[in-house]
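**Q** Before anything else, here's the structure in question.
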């Protein structure tokens with residue numbers, strides 16, 4: 001009974017961590033878009049949006065990483081399930097927390113800038129037109145983008161995100177210094193944002209896109225948030241999930257599978273130092289995506 005209660009308590013802590021981390025991500029990210037749009041580009045530009053989302057991801061991982069692994073993204077969680085680094089029964093729990101955190105984060109941005117929204121839109125919340133504000137919260141495709149092009153965009157972008165995250169937290173690769181990993185994760189998103197943001201704004205995260213989109217649907221924008229652009233909404237949900245699996249599989253097949261069983265050490269270390277290194281590697285993994293309650 002005590003063991004069962006401990007498991008439930010541990011999962012609840014992970015749920016709260018994923019919720020709060022995703023909340024931070026969306027508050028910083030969508031907040032930076034809101035400031036740019038509602039100020040009519042006088043207090044922001046594309047680069048500030050990129051920095052906002054990258055900082056939000058970095059701080060969200062710092063907030064939650066030591067408890068849940070700091071996934072903040074169903075695509076990342078699914079990739080970890082595929083690699084056996086997250087138990088499959090935890091996946092819906094993580095996704096629920098991430099979706100809820102993103103929804104509440106969007107609500108916080110709307111509340112923070114409510115007066116500015118009313119001034120900018122004259123009280124008419126819309127997805128299209130010169131005073132459109134729906135794109136503050138969720139992604140919409142550029143005019144040039146086809147459905148297939150959008151799907152491929154999300155698969156490639158999210159695949160790179162997951163692949164690079166795995167490289168950072170892989171204790172048998174170069175990795176990143178302990179405690180600096182969230183900064184490296186934020187830099188991944190910054191790199192993606194400045195190189196792959198033209199098509200649809202790099203959502204790369206079903207929770208980050210769908211959670212705020214659901215908020216806009218109930219907060220006054222209506223069902224137009226789902227029907228616009230030939231029902232675009234499903235692409236930033238399905239594409240990242242496929243990309244997350246692809247990135248995880250590619251990293252496993254091309255890198256992780258080829259690691260030496262002895263950590264490729266050129267010479268044997270003293271037993272005490274070896275134990276300390278193994279403990280550090282374990283801590284590094286636990287901090288991001290490999291906390292598995294027994």
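First residue shown is number 1, and so on along the chain.
Quick reminder: no glycine exception, Cβ is built from N, Cα and C everywhere.
Remember, TrEMBL labels are computer predictions, not curated facts.
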**Q** With TrEMBL as the source, which of 117-138, 183-204 is set down as transmembrane segment?
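**A** TrEMBL lists transmembrane segment for residues 183-204.
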**Q** Which is it, of 15-38, 207-230, that TrEMBL names as transmembrane segment?
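**A** Residues 15-38 are the ones TrEMBL records as transmembrane segment.
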**Q** By a Cβ-Cβ criterion of under 8 Å, what residues six or more beyond either terminus of the transmembrane segment (15-38) are in contact with it?
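**A** For the transmembrane segment (15-38), the list is 44-45, 48-49, 51-53, 55-57, 59-61, 63-65, 67-68, 70-72, 93-94, 96-98, 100-102, 104-106, 108-109, 112-113, 116-117, 119-120, 133, 135-137, 207-208, 211-212.
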**Q** Mind pulling out the one from 93-114, 151-171, 183-204, 231-255 with the most Cβ pairs under 8 angstroms to the transmembrane segment (50-72)?
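**A** Between the stretches 93-114, 151-171, 183-204, 231-255, 183-204 has the largest tally.
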